[in-house]
Each structure stands twice: as structure tokens, then as C-alpha cells.
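Undergrad: Below are the features I grabbed from TrEMBL:
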{"type": "BINDING", "residues": "HIS64, HIS66, HIS210, ASP298", "note": "Zn(2+) binding site"}
{"type": "BINDING", "residues": "GLU93, ARG145, HIS183, GLU213, ASP298", "note": "substrate binding site"}
{"type": "DOMAIN", "residues": "55-399", "note": "domain 'Amidohydrolase-related'"}
Amino acid sequence: MRYRIQADTVITVDDAFHIFQPGQVTWDGHVIVSVGPPELDTSRVDQEINVSGGIVMPGFYNGHNHAAMTLLRGLADDSPFFEWLEQHIWPREARLTSDDIYVGTLLAAIEMIKSGTVAFADMYFEMEAVARATEESGMRGWLSRGLVGNDDLDFVKLNQSVEFVDAWRGKAEGRIVPMLGPHAPYTCSPAYLARVGQVAKDLGVGIHIHLAESPTEVQQMQQQYGLSPIGVAWQAGLFESRLLIAHGVHIQPEDLGYLTGMTGGIISCPISNAKLGNGIMPYSLLSAQSVPVGLGTDGAASTNSLDMFLEMKAMAWMQKLVEGRPEAFNARTALTMATRRTAEILGSTGGVLEPGRPADLIVVDATAAAMTPEIDPVANVVYTATGSNVLYTVVNGEILLADGLLTRLDERAIIQEAKQRLQHLFA
Ligand SMILES: CSC[C@H]1O[C@@H](n2cnc3c(O)ncnc32)[C@H](O)[C@@H]1O
Ligand SMILES: [Zn+2]
């Protein structure tokens, strides 16, 4: 099928950051075939959508999530990080069934699609259920089973991860990309991390890990191994595969040598880092070394929302604040991080509106009073809009949200089912 969306504005996030006013995007099957002013492409299409007052832009790539944690949203808010994780979250997670995780992931998919996210990287348990939910939702998912292990080298979960990779690689029209997910250097021993690193290399898959998130983690790694968290990952060989580093808040001077030129990058989760009191990722330091930095939400239990518009705002505000200079960070950088940069870190060509790229795009309603006037559409998207302004979400050429309505998922039924499942979790 060939489609075209015409709107008042198209923000491409291409190399030149072209903005067309008015503009159109045409796609055929899974791929974009033209982007530009309306007169550029008048070819016949199967469906033409005109969104007066709309802004067409790339959909968001959420680089770090635990999607099914939607079921734990609001649990022990405002607790210290390790107390929150160890005393509240982990005991509840021990009760989650595969069906809970399936429904929790669908709940997350509704929230993500409705707020303009087309792809997410997830680390959790019961990944078969997460993969099924992702396939059904129509979204893209970089999925990894969370691994916790020590020197006893209990490889059951690692073997399950290998089976998961074999079962899901390239599935769902290529929308699912399996990875390995060692949780963190304080829950995995160096020997275990090294084993995971070797398996990732053998399989040719990427690695998703929490690193350098809190001051406690840095102290613990220093005491136990005389290394920074990123140094531990380096020594274990994790940088020899595509590496997705969630957080990267507490970067030590020696880390820059490991990070420069890496394949993959750091996924900053500014709201989670702020809410759990963990700190602010040093963007200027990292970008000065050309370390790729993308954006993610983390799970809904720490961030309370999967809305990437909010992450862009938080990112911009915190960087301006910590630097004491408003010019230290701008709206275009925020938008690039949330789309193209995160896609690149994941190894995808998405996140840009350009011929030959994946047809992953969204339309934002810019007709509201709060979006008026439109002196700078990028500033309006980053500093003003929220997920509730999203009208259309297209993934891999398929329209998943049309004029605010989900086309694949039954929103009411999934919300109802999620609420019922909470009863056994919180009994
Ligand atoms: C083993 S599956 C993933 C695991 O990660 C936990 N988690 C959620 N948020 C965070 C965070 O900010 N830092 C570290 N770990 C986190 C989640 O609850 C799962 O147990
Ligand atoms: Zn996380």
C-alpha cells in the first residue's frame, strides 16, 4: 500500500534538519519514498491523509524501558533508589506471571503509541510474553531478558536468552530485535558479565545494561573491583558488541577513553534519574567526545509516564540548569536525541524522515491554543507539546493511531484486564 500524509509542517531531522511548510511524506510498504513540499510528489497513492495544522515528524525511539512495569506505576514513589528497587519493586516483580507481563506490556504499548513512540528497547522477565505483546502492538522492540548472575555461573537464564534470540531474531516483519540484558554490574559478577559478553559476540547481538546510575554503584564497584562501573563492563568485553548503556550518570574521567568511538551509546533517562535522586547525565562532557547519547523513559514505576515529550523537556531543562547556561542545550538536540540518535544507537536507520528510511512517523496536532503561535515548530514540539497532542502514529508503514484512535489494540479491554491483574499483585 502507498500512503501520503500532507500537513502544515514536516520536520525531517535529516542532516540539514529540513523543515517543509507545508510538506508531505509519502511511503510505500515499509519505506519512505518522498519527503518535501506537496508539489514534489503527486504520484497516485492508495490513501491520502490531510492534517490541517499538523506537524509530521519522526516517531520517538525510547532507548530504555521495562514496559510491563506499567503495572507497578505509583509503587513506593519518593523512596530512596535502592530501597525502592530492593524492598518494593523486586518483591512485587517476584509475583508477576507471564500473563501479567504480557498485559503490562500491552498497556505500555497503548501509552507509547498514543504519545508518539514507535520503538522501544526493553529489559525484563518473560520476554516471550513481551515479544508477543510487541508483535501484536505493531511497534518495534529491541528486547532483552534481564540477567542476574554470579560466579556460580548459573547459566539457565543465559541459555533461555539464547533460545529467545534464536526464536525472535527478525520476527514480526523485522520489528523485533533480540539483545542480551545483563542487569547491572552490582547484580552480575565480572565473570558472568564476561560470559554474557562472549555469548553476545558469538550470536552477533547487542547488549543492554544499566551502568553508572547512582553514586552508590560507583562506590561499590570501586570497593569491590577498583574500577568504575563502565570500567567493569569494558574489562568484561561488553564494548566488543553493540552496547546500550542505560543512564551513564556518573561518568568517571577514565571512562571517556572506553566510551569514545564505541558502537552503541548511552541512553539518558532524565526523569527517572531526577525522581530517584540519582543525578544528571553530563551531556556536554560526553558530546565533546562525540559519545552518542540517546533518550529513554526507564520503567513507568520510576518515571510514572512513558511520554517521550516529557523526557525531551526534562533533558533540556536539566542540562540548561546544571550548566547555568540556556545555550548549553537546545530544542533541536533534544528532538534529535529522542528520534534519530537513539535509533542509531540501536543500530537502526529510523528516526529520520528521508527517502529509503523506515516509514516510522507521527503527526502532532499544532492547532491548540498552547501551540500558538508557531514561531519555531521545533521549540513547540520540544518545550510545549505532550503525548496528548499526537494524532497519528505510523510504524513500519502501518498506521497504529489514526486521528487519536488505536487501530490494532483494544484500549478499554487492556486497561480493564490490567486493573484486574493488579488484585493478585497487591493482595
Ligand atoms: C532483570 S529485568 C530488569 C530489572 O531492572 C529493574 N529496574 C527498573 N528500573 C531500574 C533502574 O532504574 N535501575 C536498575 N534496575 C532497574 C526492574 O525492576 C527489573 O527488575
Ligand atoms: Zn532501567
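The backbone N, Cα and C atoms fix where each Cβ goes, and this holds for glycine too.
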Undergrad: Among the binding-site residues HIS64, HIS66, ARG145, HIS183, HIS210, which residue has the fewest other Cβ atoms within 10 Å of its own Cβ?
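TA: If we count Cβ atoms within 10 Å for the binding-site residues HIS64, HIS66, ARG145, HIS183, HIS210, the smallest count is at HIS183.
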Undergrad: For GLU93 (substrate binding site), what residues in its own chain, 6 or more apart in sequence, show a Cβ-Cβ distance under 8 Å?
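TA: LEU72, PHE125 - these are the non-local Cβ neighbours of GLU93 (substrate binding site), listed in sequence order.
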Undergrad: Looking only at the domain 'Amidohydrolase-related' (55-399), what is the model's average confidence as pLDDT?
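TA: Here the mean pLDDT over the domain 'Amidohydrolase-related' (55-399) amounts to 97.
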Undergrad: Near ligand 1, which of the binding-site residues HIS64, HIS66, ARG145, ASP298 are found, taking a Cβ distance under 6 A to any of its atoms?
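TA: Close enough to ligand 1 are HIS66, ASP298.
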Undergrad: Which state, by DSSP, holds GLU93 (substrate binding site): helix, strand or coil?
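TA: DSSP assigns GLU93 (substrate binding site) to helix.
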Undergrad: Please go through the binding-site residues GLU93, HIS183, GLU213 one by one and keep those whose C-beta falls under 6 A from any atom of ligand 2; give the result in sequence order.
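TA: Within range of ligand 2: none.
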Undergrad: Within 8 Å of the Cβ centre of HIS64, HIS66, HIS210, ASP298, which other residues of the chain have their Cβ, at the recorded Zn(2+) site?
TA: ASN65, MET123, ALA246, HIS247, ILE267, CYS269, SER272, GLY296, THR297, GLY299, SER302
Undergrad: Only counting partners 6 or more residues apart, tell me which same-chain residues put their Cβ under 8 Å from the Cβ of GLU213 (substrate binding site).
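TA: Listed in sequence order: PHE81, ALA184, ALA246, HIS247, VAL249, HIS250, ASN273, ASN278.
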